[in-house]
2 protein chains.
Amino acid sequence: MKGLIWIVCLLSSLTYAIEPIAPIPQTLPYDPQKAALGQKLFYDPILSKDYSISCASCHKRAYGGTDGESVSVGIYQLQGNMNAPTVLNSTFNFKQFWNGRANNLREQALGPIHNPIEMGFSAAEAVSRLKKIPEYKESFQTITKRSLITSDDIADMIAEYEKTLITPNAKFDLFLKGKSTLSYEEQEGYNLFKTLGCATCHNGVNVGGNSFQKMGVIIPVKWDQKSSDRYALTKREIDKNVYKVPTLRNIALTAPYFHDGSAPTLKDAVKRMSYHNLGITLSDQESAYIISFLKTLTGKLPKTSLYR
Amino acid sequence: MKGLIWIVCLLSSLTYAIEPIAPIPQTLPYDPQKAALGQKLFYDPILSKDYSISCASCHKRAYGGTDGESVSVGIYQLQGNMNAPTVLNSTFNFKQFWNGRANNLREQALGPIHNPIEMGFSAAEAVSRLKKIPEYKESFQTITKRSLITSDDIADMIAEYEKTLITPNAKFDLFLKGKSTLSYEEQEGYNLFKTLGCATCHNGVNVGGNSFQKMGVIIPVKWDQKSSDRYALTKREIDKNVYKVPTLRNIALTAPYFHDGSAPTLKDAVKRMSYHNLGITLSDQESAYIISFLKTLTGKLPKTSLYR
C-alpha cells in the first residue's frame, strides 16, 4: 500500500517535474471498513487514561489538523513540550513525529496513547477497554476475522483513516495543473520561495515532510535539551536541533509554528526560518509575497462525520 | 422528566438542609438509547457548517466541560465573545446560556449549531445531512418510531446525553454526607464562603446556576455592549451586566473564568468577585482558604466513549 502511494506521488511528480512541488492526488486507495472504524477510534476519548483526550483533541480539522496551541495539552491538562504536527496529508511524510521516530502512520498511531503526558495509557489497557464494548468488538472481528483485538489492529484502523485525511485542490495545485492562475503577489512569493532556497527543503507533494534538517543550519538557534529532536533518538551531536521538515500544506491554518510553537504568526515563522536556515533577512514586502504564496497551499479539507 | 430531576434535587436539599449546598445525586433517570445517540451527535463535527466543530470541541472532559479558552473559537477559527460554560451538571441549571435565553437543555442544544460564529449552521441543514447517513437514519427511526428526523429530535438526543454528564462524589459532597472530612484550610474556606456572602448566590446542588445576578452589584464593572447579557434579551437598563450565576462545580478545572474569560486563575476570579459583588478586598490568606474549599467541589467525571 505504501508502495502504491509512492508510485502515485512519483507519477504525480513526474507530470509536473518542472516545479519542485507536486499536487496532492485527488484520492488515495484505502479500505473503507478499516477507515470507518479508525475514524471512530480517532474521535474516541476511550483511548486516554482518564477518558479525556482523543486523537482529534490535538488534531482538529478547523486548525488544519493541529490544535492551535504552542504545545499540546494532554490528560489532566498536562502541558506537553512539542507543537502538534498536522495529521492532514501525514500519509505523504517519509517518517512520522517531529524527529521521525515512527516509520509510518501505523507505528505513529500508538505513540501518543503511550505518552504519559499525552493520553497516558497503554495499548494493552486500550485493547482491554475496547473488547468490553460489543460494538467495537464486533467491528474489529468483522474486519480482522479474528476474535482477538490487538494493539496493532488499533494502529491499523487509525492509520487507514488517516490516509483519507488528504487535502487536494489547493489553489496552488490547480495552478500546477493549469486550471488556475496565481495573483501577482502569489507568483512573486513563489518565485522568492524557489530562488531564495525555501524549496530546497520544502518540496514534493507535501512541500516538506521528506527530509530531516537542522533548525538553524546557517545561524544557529539555542538547543533545548528537553526537545524531542533527532538527538533524543541518536545521541549524536550532529543531530541536535534536527527535525523532520514540516509540511507547508494548509500552513495558513496551523499557527503557531515550529516544533516548539514559538512562532505565533506566519510572518514570524517565515522571517525566522529565512534568517536561521538561509541566512537572509527578508524585507516586509518579501515576506508578504511569500505568505501570499503559502496561502495558496490551503487545500480542500476532507468532510468528516463519525458515520461515514 | 424535568419535574423528576427537581424532585430528586429537592429531596437531596432537604436531607442536607442545614447547608446552603446540596450534594449531586449519584444518577439521574435518562433514556439510554437516546443518550447513546445524543453522545454520537455531541462528538460529531457533521453538525457544523464546515465539518470542523462538534459540541465536544468547546465542552471537553479534561477542562471540566469547558474548552480552557477565554472565549470559544468556532468554524473557520472565528473568535467568539463568550466563555464556554461547562456542560457538566448543566441539567441542574434553572436556565441555559450565560443570559438564560434557553429554558432547558433541549432549547439550548440547537443554539450553538445556529450561531454564525460557532457552528454556523442550521438545524434544517443538519437534519438534511444526518438523514443521508444510514446509521443515523436508522438510530433515529428506532427511537422515534418515525421515518422523519426533525431538529427537535436532534436537540432531544443531545439533551438526553447531557443528563448523564453529572459529577457526583466530590470531596465536598462526601463531607456533606458525613463520609469525608475537610482539611483545616478547606473548612476555613467554606466558613468564609458562607459568612462573607458567596453562598448568597452560589448555592444549591450546582453551587450556582439557579439565579440571575449583576456582575458588579456593589462596585460596578464596565459594560460591554457586545456581551450576551440579560440586556441583550430584554433591553432593560437594569439587565446590563446581568448573567446567570455560574456553577462552581468542578471550578478548579474550568479556567479561565467569568462570562468573558477575563479571569485567568481561581485566585483572580475569587478576588475580583469578592470585590465587585461583595465589596470585600480579600487577603491572600482568605482567598487561599476559599480556593482550598472550591477545589473540594471537583466531582467524579463521567467516563465516556463513543460507544456506551
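Positions of Cβ are set from backbone N, Cα and C atoms, glycine also.
Database features (TrEMBL):
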- B:C55, B:C58, B:H59: heme c 1 binding site (BINDING)
- B:C198, B:C201, B:H202, B:M273: heme c 2 binding site (BINDING)
- B:33-165: domain 'Cytochrome c' (DOMAIN)
- B:184-298: domain 'Cytochrome c' (DOMAIN)
- B:1-17: signal peptide (SIGNAL)
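Annotated features taken from TrEMBL, shown on the structure.
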residue : record                : Cβ contacts under 8 Å, 6 or more apart
B:C55   : heme c 1 binding site : B:L41, B:F42, B:Y43, B:L47, B:V87, B:P112, B:I158
B:C58   : heme c 1 binding site : B:T66, B:D67, B:S72, B:A84, B:P112, B:E118
B:H59   : heme c 1 binding site : B:F42, B:G65, B:T66, B:D67, B:A84, B:T86, B:V87
B:C198  : heme c 2 binding site : B:L192, B:M273, B:S274, B:L278, B:I290
B:C201  : heme c 2 binding site : B:G208, B:S211, B:Q213, B:V245, B:N277
B:H202  : heme c 2 binding site : B:F193, B:G208, B:V245, B:L248
Requested in this report: Please state whether DSSP places B:H59 (heme c 1 binding site) in a helix, a strand or coil.
Outcome: coil
**Report entry** the domain 'Cytochrome c' (B:33-165), counted residue by residue under DSSP: helix, strand, coil
**Finding:** 68 helix, 6 strand, 59 coil
Requested in this report: Please list, for the domain 'Cytochrome c' (B:184-298), how many residues fall into helix, strand and coil according to DSSP.
Outcome: 53 helix, 9 strand, 53 coil
Query - Count of other CB atoms lying within 10 Å of the CB belonging to B:M273 (heme c 2 binding site) - result: 21
Query raised in the report: What other residues of the same chain, not counting B:C198, B:C201, B:H202, B:M273, have a CB atom within 8 A of the CB centroid of the heme c 2 site?
Result: B:F193, B:G197, B:A199, B:T200, B:G208, B:V245, B:L248, B:N277, B:L278
Query raised in the report: Which residues, same chain and not among B:C55, B:C58, B:H59, have a CB within 8 angstroms of the centroid of the CB atoms at the recorded heme c 1 site?
Result: B:F42, B:S54, B:A56, B:S57, B:K60, B:G65, B:D67, B:A84, B:V87, B:P112
